[in-house]
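I have placed the structure first, in the form of structure tokens, so that the comments after it can refer back to it.
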Amino acid sequence: MTKLSVNVNKIATLRNSRGGNAPDLLKVASDIQRFGGEGITIHPRPDERHIKYQDAYDLKPVVHTEYNIEGNPIPKFTDLVLAVKPTQVTLVPDEEHAITSNAGWDTKKHAGFLKEVISEFKRNDIRTSVFVDPVKDMIEGACEIGADRIELYTEAFAQGYSRGDMDAIKPYALCAQLGIDLGLGVNAGHDLSLENIKFFKDNVPELLEVSIGHALISESLYLGLENVINMYLHKLK
Ligand SMILES: CC(=O)[C@@H](O)[C@H](O)COP(=O)(O)O
Ligand SMILES: NCC(=O)COP(=O)(O)O
């Protein structure tokens, strides 16, 4: 079974554009779960352009499904995660001013640093996941640093699929199987959508969780949030 974790960054972006509390992030997160969403993902960035650090605290009592916090483990982020204690932390090597995430970790080059932060999160009973490209060495590296899971960075798949290149799935299927063989859980995210999710799910073994934000919120403008969540759940069965 693949869990659907809904990334609510875009709700915070809309809210921040006027400075008030509409849309109400906490209400949306609560409604997402009422509609069947199986997790809430946030990705606070240092400039707080969408999720504010305070949102991470405010969401804690609201999220009764899986709470996943993503980000680059700079000290401010690590302190936040240790204080909030979500279900899972997903480590992403974001550059500060990047528009969005655009690469996975080099788990070999940054092994020492990642091993240290992962063990700190694990000591605090927070599940750890590492955002990686579908590259064999990076999956092996994720295992060596003690991560519980990998999150496969799916932008290349999404781009290939939209061009009709069905082979774009191959490195994901191979790396997911390698991760499973090494004892890692497999998550995936970035640019997944109603259009490509079923093909991804059907071709990647034992996919535990997908986190989806940009497309899901965009699709909801036309189809409605409750309807869209149910469409994803149906495709992820
Ligand atoms: C790791 C990942 O792919 C997502 O968290 C994505 O980066 C969302 O972040 P933004 O909403 O800031 O684009
Ligand atoms: N980890 C991926 C995520 O949370 C959402 O990415 P996107 O659907 O906004 O591209």
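Cβ coordinates are placed from backbone N, Cα and C, and glycine is handled just like the others.
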Listed in TrEMBL for the 1-deoxy-D-xylulose 5-phosphate site shared with Arg45, His50, one of Thr100, Thr107, Thr128: Thr100
Record-annotated 3-amino-2-oxopropyl phosphate site (TrEMBL): member among Asp31, Asp191, Asp202 besides Asn7, Arg18, Gly213, His214: Asp191
Collapsed DSSP category at Gly213 (3-amino-2-oxopropyl phosphate binding site): coil
Mapped DSSP class for Arg45 (1-deoxy-D-xylulose 5-phosphate binding site), helix or strand or coil: coil
Euclidean distance between Cα atoms of Glu151 (site 'Transition state stabilizer') and His43 (active site, proton acceptor), Å: 14
From recorded positions Arg45, His50, Glu70, Thr100, the one whose Cα lies nearest Asp191 (3-amino-2-oxopropyl phosphate binding site): Thr100
